[in-house]
Amino acid sequence: MWHHHLLVFYRNALRFKRTFIVNLLGLSSGLACALLIYFWIQDELHMDHFLEDEDRIYTVMENHHQTNRIMTVEASPGILAEALREEIPEIEDAVQIVPEFYSAAFTLSYGEQNIKGKGEYAGKSFFDIFSLNLITGNRETALQENNIIVLSRNMATRLFGSPQAAMGKAIQLNHDKSLAVRGVFEDLPSNADSKFDFLLPYQMFIDRGVFIHWDNHNTQTLVKLKEGTDINKVNAKIENFIKGKFPESLVTLFLKPYAERYLYGTYKDGKLADGRIEYVRLFGWIAIFILLIACINFMNLSTAKATQRIKEISVKKAIGASRKTIMQQYFLESLLLACVALFVAVLIVKIFLPTFNEITGKDLHLRFSISNMALMLGITIGTGLLAGSYPAIYLSGFQPIAILRGSMLKIGGEKWARKSLVVLQFVLSIVLVVGVLVTYRQIRFIQEKHLGFDRSNVVFLNLDGELLKDGNHFISQAREIKGVEKAALSGGGVVSEYGTTIGVEWKGKQAGESVVFGQQGISYDFIEALGMELAQGRSFSRQFPTDSQGLIINQAAANAMHLDNPIGQEIQFWGEKKHIIGVVKDFNYASLHTPIYPWIFRFKGDRMPRAVVKIAKGQEQAVMPRIQKLYEDLNPGFPFEYNFLDVQYDQMYTSEIRVAILSRYFAGLAILISCLGLFGLSAYTAERRMKEISIRKILGSSKSNIVLLLTGEFTRLVVIAIILAIPLSYWISTNWLQTFEYHVHLDLLYFLAAAVTALLISWLTVGFQAMRAADSNPVKILNAN
């Protein structure tokens, strides 16, 4: 029996070559798309799932309760870890890790080599919680001493040639501190979101003179709970832990699984608002949509060719074949086609995976593991059964006597079922098209929106070594380079690496009122280098020696402090009296997902880690080599590192940009497959109505009347799809845009563009079949019937 079914499948593939090829292209494209998305989703879901006992490892999160909102952050006081370990019995261990802001880049030197790497300060019990494998060294004592370093395999190999050769060697940190190598750990796996090249003892961070207090939130705290611990009970115990140590604090604590940091990283007013998991869900639905469209395409094309196989079915039924046997045959044929489509899909994936990796920023590989093979097979079987279900039921339901007599009986509702499938196809396609248009416009809005400062042709440089001690010398010489318009110093970056504080007091501040301010130390000319506009007052100036105690705030800060006339007003900043000399118009350093921060710029004359250089338009290629030479002449032995501000800003929206690019491709694929389905149904309709068309032509109908007759029916279907798709796409687009604090408004043009696109494509697709039908010879058709 199976041999017979295989033979029938092979013969029908040869007999209906065009239908077979179109079906194969539709299903293989849909499966390839689904496989690519599956590999991407699988990688996303595995991010940060690499620690042993990961179900017991948590990050301590803070809710900062402000007057008008709650801000959720990972930062916490450096003394929190030890206090939690000692006072909360359910916590087995705790460790502090200094976040990237304080430890992003160091220069490691050995012999003639100077390598810039990312390091982190970590507490003594780091390896008890963060289960990295030590190649050399003792995990229990690796971070116990001061002035030591633990390297990654990659960094040890770059500096010494091998991990074993690194042990016990002395290396220079930033050319001014000698450190002994006490261990080498395996490189962090590819599914680790945060990576670092080496670890330094937390005591070295304290030795830098960092203010350690319950109100200074400058570390990340990880805890490991005892087995069987109820997380809700622990959260209840630690909620007001900091308030118990520092009654003035308005910070509450809660624990979040470490493995969820990557996917669930967005909070609004203290509540989880998802994060990257939204994109995982989005692409999961896109994969389902495209597979559904491909299956519908198969159904329509199969039923379109039904009349050419009806007599085959009637003969089989007449000689005793049951409906079950006929259904088995068609299910098997669709499964076989799905298997062939899977083979083609795997080839497509193999060809396009490098491009897909480039777009997504991943390093995915086509691995034929048992789990992957099982999933591929499951998707293929599911697709085959779904695609073959309607044709099998439809074709097996014909009565042989009626067919042989020339009068084909219709199964109830089959006509509307096919039309409903076409409507569903176009609903999904239109939703995808609207989504692509809205995403593209929002990305353009992000890239073009004026943020309150000029990010074009602005370079941020990392200052190390001697330049960190005397950055003004570098700045003064940089200003002499032709093409440099402005140069200044900054205590941090713009897109990231800025600080926050609640240590601000002002006249009229209410009891219990709390506002988190962004704060940044800057030098002369910083405001001008970034092109910020002054709303009131002035910028820092060398003509006013008292500016060392001056502050510049933004309009949001003035509003937060209820200052109608802020210039000259005195405020307490970190316990010191300061006075406001200027107010800049509001700007947004952070992502447009977040509102504008109240901001305070304080004057700091020197010892700042960043230089800001504004370059004249079109002079970047000429200026940058000269800046690099100046840097290397003044700071030998330190690698030259820089970032253009506009590039850094775009990197904040990498996820959105990638979503926009992928959605564009997937929407195009969905429309293409939908057209194949429409092509199939229009072919079916034309085939069924050829006798009617021939009679109309003999009675005098024109070619244009015939085309309008056939296209009108499908136009109605597409219009119905448009009516259903517009509210659905509006709801989806509105929800996505609400994740941004600032976004475009939904324009009617997005929906009109998607509707017109669907109509034009349907007219072209159906028009081709209608033209063929209108050009047919009515005499031959009537003789054949």
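Heads up, residue numbers simply count up from 1 along the chain you see.
Backbone N, Cα and C atoms are what each Cβ position is placed from, and that goes for glycine too.
Annotated features in TrEMBL:
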- 21-240: domain 'MacB-like periplasmic core' (DOMAIN)
- 286-399: domain 'ABC3 transporter permease C-terminal' (DOMAIN)
- 426-588: domain 'MacB-like periplasmic core' (DOMAIN)
- 666-778: domain 'ABC3 transporter permease C-terminal' (DOMAIN)
- 20-41: transmembrane segment (TRANSMEM)
- 282-301: transmembrane segment (TRANSMEM)
- 330-353: transmembrane segment (TRANSMEM)
- 373-395: transmembrane segment (TRANSMEM)
- 416-440: transmembrane segment (TRANSMEM)
- 665-686: transmembrane segment (TRANSMEM)
- 706-728: transmembrane segment (TRANSMEM)
- 748-768: transmembrane segment (TRANSMEM)
Maximum Cβ pairs under 8 Å to the transmembrane segment (330-353) among 20-41, 282-301, 416-440, 706-728 is reached by 20-41
Given 282-301, 416-440, 748-768, the one sharing the most C-beta pairs under 8 Å with the transmembrane segment (20-41) is 282-301
With the cut-off at Cβ under 8 Å and a gap of six or more residues from its ends, the chain residues touching the transmembrane segment (416-440) are 286, 289, 292-293, 296-297, 299-300, 303, 390, 656, 659-660, 663-664, 666-667, 670-671, 673-674, 677-678, 681, 684, 714, 717-718, 720-722, 724-726, 728-730, 732-733, 736-737, 744, 746, 750-751, 753-755, 757-758, 762
